[in-house]
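Okay, structure first, notes after.
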Amino acid sequence: MVDVNRFKSMQITLASPSKVRSWSYGEVKKPETINYRTLKPEREGLFDEVIFGPTKDWECACGKYKRIRYRGIVCDRCGVEVTRTKVRRERMGHIELKAPVSHIWYFKGIPSRMGLTLDMSPRALEEVIYFAAYVVIDPKDTPLEHKSIMTEREYRERLREYGYGSFVAKMGAEAIQDLLKQVDLEKEIAELKEELKTATGQKRVKAIRRLDVLDAFYKSGNKPEWMILNILPVIPPDLRPMLQLDGGRFASSDLNDLYRRVINRNNRLARLLELNAPGIIVQNEKRMLQEAVDALIDNGRRGRPITGPGSRPLKSLSHMLKGKQGRFRQNLLGKRVDFSGRSVIAVGPTLKMYQCGVPREMAIELFKPFVMREIVARDIVQNVKAAKRLVERGDERIWDILEEVIKEHPVLLNRAPTLHRLGIQAFEPVLIDGKALRLHPLVCEAYNADFDGDQMAIHVPLSEEAQAEARILMLAAEHILNPKDGKPVVTPSQDMVLGNYYLTMEEAGREGEGMVFKDRDEAVMAYRNGYVHLHSRVGIATDSLNKPWTEEQRHKVLLTTVGKILFNDIMPEGLPYLQEPNNANLTEGVPAKYFLPLGGDIKEAISNLELNPPFKKKNLGNIIAEIFKRFRTTETSALLDRMKNLGYHHSTLAGLTVGIADIPVVDDKTEIIEESHKRVEQITKQFRRGMITDDERYNAVTAEWRAAREKLEKRLIANQDPKNPIVMMMDSGARGNISNFSQLAGMRGLMAAPNGRIMELPILSNFREGLSVLEMFFSTHGARKGMTDTALKTADSGYLTRRLVDVAQDVIIREDDCGTDRGLLIRSIAEGKEMIESLEERLNGRYTKKTVKHPETGAVIIGPNELITEDKAREIVNAGVEEVTIRSVFTCNTRHGVCRHCYGINLATGDAVEVGEAVGTIAAQSIGEPGTQLTMRTFHTGGVASNTDITQGLPRVQEIFEARNPKGEAVITEVKGQVTAIEEDASTRTKKVFVKGETGEGEYVVPFTARMRVEVGGQVARGAALTEGSIQPKRLLAVRDVLSVETYLLGEVQKVYRSQGVEIGDKHIEVMVRQMIRKVRVMDPGDTDLLMGTLMDINDFTDANKDVLIAGGVPATGRPVLMGITKASLETNSFLSAASFQETTRVLTDAAIRGKKDHLLGLKENVIIGKIIPAGTGMARYRNLEPHAVNEEEYLNPTVEEEGNEETTEVVVDTAVETVEETVE
């Protein structure tokens, strides 16, 4: 076999008969499989050892030669070669077909490749192949048409008319084979090119399709007649195994049944031909042979599938490849691995951020080889076998060895579903008792894990390189930021938030208020001995706290609380003292009002200060982000652990619980409800009198009850006690929100019926009072709908992620700078008055394209090609700049990927992105992962939607990425100019909008009900929407340029996500949208050798034009094509990637005809053939590096090998598409 890492590319072609014979080790002549008595393979059968190799290692069939010393000898008695039994997975056989047979993929696929080659309809082909009609192969001197079809009866009549031998007509695949041999590719191609110059309409479309197929045959060197099989390959027996079950029965692969049918029919046909049987019998047998081969290649493609026992359709070769259970997705793209385990997870509150708890019995099994090696190395036993016995006995000595082996050996933990890269992280194992894995509470958010019975899988990286990668790139303590938005993903939650909230509360008049302490220890001692309360405001000598004070502040007393002294204790030294929960204190330090000169009146100073709110979840998130910005990962993860411990400790001390008495009662609830009842009665009266319509009545009633609920909510908020545990949980962000609170204490309010419409009868009770039976029944509708929606949308969201990953998996950072001369002009994204994404957010972490100057002073804020940091972005916006030209993925010139400058910073690390980063996959995960939140959140918003026809949530995201025609489509103008008139036409129920511009006039028909976006006299740009709704991107592309469409799609995706409160970096959406507009359709080939109407990569198109322009010819013209992500995935240059995505047979059929070469540039193709992926440390520049310990000098000045210095060989994998199993020569 070929070394997989020496591959450069892989090609798939049609197999010629001679090729199939060269693969074969012998002909399979009999349908027998295994002898039922001896259980040995039958001679010349489907499992023959002579053809396929021995069933036992180094042993021939008759047993004359045993042992490895006879390797390579062919036994003179039984004819079996003495070799490894593994060859039974590699050696193929063949069947010599007694009549040619058509290959169903080429005759039945859409479009029918055979039909296009011969210019015959698939219907006519089918009649000929299945012996229902004759086709004229050579009319000779008769007036019959070449390739004309005639029935049996017509054929006889023509024979009588013109005489025997006056023309040649045949039926069956043999006839088609003769016709295919007659095809003169060069001549046909030339004729079609001529025809295209004049053809229009349907004729033109057909000519383009035929030209495409004929050109593919011509360029690839495949012969059209190879689509007809004269010889059928038999795949190796170990790929279609036959196993004995207990009870003497056999379980066999369906392929064996299908091969047996073919062999039986073939042998019967041979016998009939020997006997010179009547023509009709031979014909029938040939037709049956054709059907048997069809079933073997693709059962069920034509007619009824062949069924096995229990009328189950048999799985043919095509089914072995297709779908989730097919070869590609089941065995090649992901395999089950050894050194792995899974268990339930439990919380590990005492763990450090980089640790996880692994049960002892799991660890000993996972690390068995390492333990065994160490046992032998310590001379406890002499050999590995004895060491294994020692481990399996559970000897006392192994546990100490295990402790040492796992030290600094990271393991990977994974939770399904792995929606983004944080679904697999590395930890250092800590041995624990019990059987559950222990997980650090802070990484739960990244995994989306909780401890209600979730399970996780654990994997052990074995090699030194794998361990190094796990430790350096995947350690959980390093993953502070979320790759989708660059915000911290490990913020404290629940108890941790509550503890820190309680700790930083301030109260007036508690014991010890006004005391002054010389340092932290004295304050803590006073608190421990009960002299001062955590929340009491006290003074402390400023210079005793190790913080960045000014000289003036150092000699004063700081007014704070003991809780805040403890809270600031865990913060890094360089951070200001945190007294107020706001960003100003975090960045600039404590305000002056909290400092008291020595000897000042502390009681008076305290009484003049207002009470500060405590630190909530959001504040903690901001603190973590700031610390990450200043101190990076190591310090941040240490702080997070300290914050976690402090939070747990103080939420325990606070003893916050929830009792029924903690739910407050609203005194005037009855009056509020009475008032609403009266108003609803008035509304109903108005309706009965015919003053309002039913819809108006319904809207008024629901609005009234909504108002009642809000009124109660306001009362609750106004009267709430800040020390009420439920209020504290809600206010701190630990759990629950105001809506939960008002359902407990106010009223539940309006509910949705099963059809989604809001019911007019509200639930007046709250959970404290308890619901009546009817109210309880009403609430169940919403709960049930919530559950079903969640289940359905999870699947939708997962499928969206899969399509996104597929289309962008080969987008990798390939170079430092592509040197593009284009940039993207960006401004903030807004919808009406609502800001969707500010300019500051969009600028952060990108490179500028042009110099940015202050609009008033003209001073340079930032030069071209410079990285815009958070501070620079703020400076640009504060200067009043409204639009900036930046480097963007849209305008990047890098082939097969993006360059570092056009991408900007890697949001997951906050640093500039490195070459080799798989940004396509990251982008796909960042958009797909929040998909589940989208849909679920659309149902939480109550009320009647104002414009129901506009899609929202996940369906809208799918609509955008699949480039579908949107629901509620807006009418756009193709003319830039002024709206001169809007006329209403009552008869057709439409409006007409007239736009006049320099280039001409436009008249647009708009539905009567559409809401207008423009008014008479208003100016409109080309491609501007005249009505409310979504613009159809393909129509916009026809009117405007590619960049406008890309910008529009980017804005639309952001609108959906941001409206649901999900933040995603622009660059992720840019990567996906760019993949949708990578192709060009050739409109006029000029002097290039491109074909008209072909869809091709924009880079290849440019290259072809470059060559022609250099030679002084006329370049080709093309039109950019916007494709949905599914279509874009299938149109990728890699046939391996496309075939493993969807429509496997269609992709492979097409690839084989074209003789496609896969250059293995993406990730999927390399995973499929088992080669290291060309991203990250798998890029050529990191290969062949020996891992070793380095000294400091070497570490600071590394030497990196340049790309492209490895030897690679071109490997042509010539695949008979019939036997899709790869055979590499």
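From the backbone N, Cα and C atoms, a Cβ is placed for every residue, glycine too.
Other Cβ atoms within 10 Å of the Cβ of Cys78 (Zn(2+) 1 binding site), summed over all protein chains shown, number 16. Per Swiss-Prot, the feature Zn(2+) 1 binding site maps to Cys60, Cys62, Cys75, Cys78.
Summarising the annotation, Swiss-Prot assigns Mg(2+) binding site to Asp450, Asp452, Asp454 and lists sequence analysis as the type of evidence. In sequence order, Val344, Ile345, Arg415 make up the list of same-chain residues 6 or more apart from Asp454 (Mg(2+) binding site) whose Cβ falls under 8 Å from its Cβ.
The Zn(2+) 2 binding site feature in Swiss-Prot is assigned to Cys818, Cys892, Cys899, Cys902. Under a cutoff of 8 A between CB atoms, and with a sequence separation of 6+ in the same chain, the neighbours of Cys899 (Zn(2+) 2 binding site) are Ile813, Arg814, Glu815, Asp816, Asp817, Cys818, Cys892, Asn893.
Cβ neighbour count for Asp452 (Mg(2+) binding site) (all protein chains, 10 Å cutoff from its Cβ): 6. Here the C-alpha separation of Asp452 (Mg(2+) binding site) and Cys902 (Zn(2+) 2 binding site) works out to 44 Å. Each of the binding-site residues Cys62, Cys75, Cys892 was scored by the number of other CB atoms within 10 Å of its CB, and the largest score is that of Cys892. Here the C-alpha separation of Cys78 (Zn(2+) 1 binding site) and Cys902 (Zn(2+) 2 binding site) works out to 67 Å.
Of all the Cβ atoms in the protein chains shown, 18 others lie within 10 Å of the Cβ of Cys818 (Zn(2+) 2 binding site).
Using the Cβ center of Cys818, Cys892, Cys899, Cys902 for Zn(2+) 2, the list of other same-chain residues with Cβ within 8 Å runs, in sequence order, Glu815, Asp817, Thr820, Arg887, Val889, Thr891, Asn893, Thr894, Val898, Arg900, His901, Tyr903.
It is 38 Å from the Cα atom of Cys902 (Zn(2+) 2 binding site) to that of Asp450 (Mg(2+) binding site). Other than Asp450, Asp452, Asp454, the residues of this chain whose Cβ falls within 8 Å of the Cβ centroid of the Mg(2+) site are, in sequence order, Ile345, Ala449, Phe451, Gly453. All protein chains included, Cys902 (Zn(2+) 2 binding site) registers 30 other Cβ atoms within 10 Å of its own Cβ. Taking the mean position of the Cβ atoms of Cys60, Cys62, Cys75, Cys78 as the Zn(2+) 1 site, the remaining same-chain residues with a Cβ inside 8 Å of that point are Ala61, Gly63, Lys64, Tyr65, Asp76, Arg77, Gly79, Val80. Neighbour counts of Cβ atoms within 10 Å were compared for the binding-site residues Cys60, Asp450, and the top value is held by Cys60.
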